[in-house]
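These features come from TrEMBL:
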type	residues	note
TRANSMEM	B:54-74	transmembrane segment
DOMAIN	B:86-143	domain 'MrpA C-terminal/MbhE'
TRANSMEM	B:122-139	transmembrane segment
DOMAIN	B:168-290	domain 'Na+/H+ antiporter MnhB subunit-related protein'
TRANSMEM	B:175-193	transmembrane segment
TRANSMEM	B:199-215	transmembrane segment
TRANSMEM	B:227-248	transmembrane segment
TRANSMEM	B:268-296	transmembrane segment
Amino acid sequence: MREIIAGIFICMGTIVFALSLLGIYRLKYVMNRMHAAAMGDTMGLGLVVIGLIILGHDVFHIAKYILMILFFWMSSPIASHMIGKVEMLTNKDYDERVHGK
Amino acid sequence: MKEEKSFWRKLNAWINGEEALIHADEYIARREQPKKRQWLKRPNIQEIKSNKGLYWFLCVLISIVFITIMLLVVSNLPTFGDPMDPANNEVMERYLEKGIEETGAINFVAGMILDYRAFDTFGESNVLFLAVICVLMLLKRDKKNISEAEDKEIAEDEMLDAADHKSILKVGAKYLSPLIILYGIYVILNGHLSPGGGFSGGSIIGAGLILYAAANGHKKMQTFFTFKTFTGISVACLLTYCACKSYSFFTGANHVGYAIPKGTPGNILSAGFILPLNICVGLIVAATMYGFYALFTKGDI
């Protein structure tokens, strides 16, 4: 039973990863791509790690997974923030591109 | 006889140093331009790209050729796990059976690269060091290779950098970079017990240093990591490595008459020279990673 629930979570996470990859491949603009990539980093990783936590053996095993998620959920938004900032500062057509003026 | 006459006239003129051609201007205006020979016929890429059909055909053809070559090579590789493979020979058996006994390292990979094949790893560390020296020669800012315009540009960049608060990045780096560096140190120190080792741990530490430098600026980084520290770390680690392995080779490289105790496998202080060698390699790799980052962004460590 435990394995089946964990398998469902991991499969859902993998599907989210596949969707985010598809998004990165299909979308053309940096901001849109960031949106797609963030989905895999947050929801996809979260679902996969929940599945692995259900399969975990002991407390330390689970604590490592939680640390992994904490690290990713701290570092990935900062990286996205920096990418977005650089795009905003360097792209001359930013207003036109984003607000459609 | 007319021709001969003109020939003699020409010869006479040539000897006297006059113009050999009688109607030179007319001749130059009327003569055909010599054709420039195209020794290398370059295909015009724009032409090929505008010809969509040919472009797609060439794309598909080249892809098919490469895919076929790769598949042929892969199909000729020995199957995985076959006992008759050339990889499954007595060397591997020896490593697996006597590895712990001879090197004292539980991690066979560490035992292999830092004990059986330590000379090879020494070469790799030297290659890293050489790469940094080449980048230093090309990119380091000196009085000789910098102009005033570049100086102005760099000063402007630094002013913009100082005006930018980067508060989110600073808070993130404050909490993340010590953790990253700590994890890198763990990977290096546990190189002989668990997967990891000098190269991977060193690159993790380098990533932590780069994060810190990106958040807090170049000036703050220079309070503890200057050019002198960089050269000191690299040279001292290489020399230590060299000394350790020289001792090992001096005693015959077979652990006979070798005074370094191996300890009990599994302890953190075990495996003879593998732990200090891992630390040396890790420090070199970390310094090199950060050195590349600093040289390529600022042109100075």
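Cβ coordinates come from backbone N, Cα and C, glycine included.
Contact check: the transmembrane segment (B:227-248) against the transmembrane segment (B:122-139) gives at least three Cβ pairs closer than 8 Å, residues 6 or more apart, which meets the contact criterion. Listed by sequence, the residues of this chain that lie at least six past the ends of the transmembrane segment (B:199-215) yet keep a Cβ under 8 A from its Cβ atoms are 166, 169-170, 172-174, 176-178, 180-181, 183-189, 191, 221, 225, 278, 281-290, 293-294. Residue counts for the domain 'Na+/H+ antiporter MnhB subunit-related protein' (B:168-290) under DSSP (helix as H, G, I; strand as E, B; rest coil) come to 87 helix, 2 strand, 34 coil.
Residue counts for the domain 'MrpA C-terminal/MbhE' (B:86-143) under DSSP, split into helix (H, G, I), strand (E, B) and coil, are 45 helix, 0 strand, 13 coil. Across the domain 'Na+/H+ antiporter MnhB subunit-related protein' (B:168-290), the model assigns an average pLDDT of 83.
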